[in-house]
Amino acid sequence: MTRLIIGLGNPGDRYFETKHNVGFMLLDKIAKRENVTFNHDKIFQADIATTFIDGEKIYLVKPTTFMNESGKAVHALMTYYGLDATDILVAYDDLDMAVGKIRFRQKGSAGGHNGIKSIVKHIGTQEFDRIKIGIGRPKGKMSVVNHVLSGFDIEDRIEIDLALDKLDKAVNVYLEEDDFDTVMRKFNG
């Protein structure tokens, strides 16, 4: 079986460690553990690394289309490999969750997240698995855009690193388990 694990973010050094890029950060952690490297694919408009986890071929995908067009890369890869929405897992930031909180979710609306909106638009369904990673709301009068495109302060970075460590393990459990409810019970928090 072939699966896509997609991390959402924005390409380039300017966005490397920003809150909006926690999906990319998770994939970087998985790639490091799996000892694989990302290569840019111009056709699919994504950085892609390939590995095998629990006997499944896994493509780690970081769309390079910028967040608002992430669905283009996801749709192109799904079409090429003959995959459907049940074959993808998408990791992304969530403003409405406290920093470092994680939640596996099977389906649902985009909740205002432009990357998820783009995926739903391009693949034609909301029925795909997700990992939401809490980045918290802006403090003070900071705009949402400035918040998601800013880095983490020291305390928040510690929480994010702990969440990414937990998710690194959780993704393996997700790939091994046949029961999504079990994964949600073990790791949502």
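Just so it is clear, glycine is given a Cβ too, placed from its N, Cα and C backbone atoms.
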Binding-site annotation, Swiss-Prot, tRNA: partner of Phe66, Asn68, Asn114 in Tyr15, Tyr81: Tyr15
Can you give me the residues near the recorded tRNA site, meaning same chain, not Tyr15, Phe66, Asn68, Asn114 themselves, Cβ no more than 8 Å from the center of the site's Cβ atoms? Asn10, His20, Thr65, Met67, Glu69, Ser70, Gly115
Nearest of the recorded positions to Phe66 (tRNA binding site) by CA-CA distance, picking from Asn10, His20, Asp93? Asn10
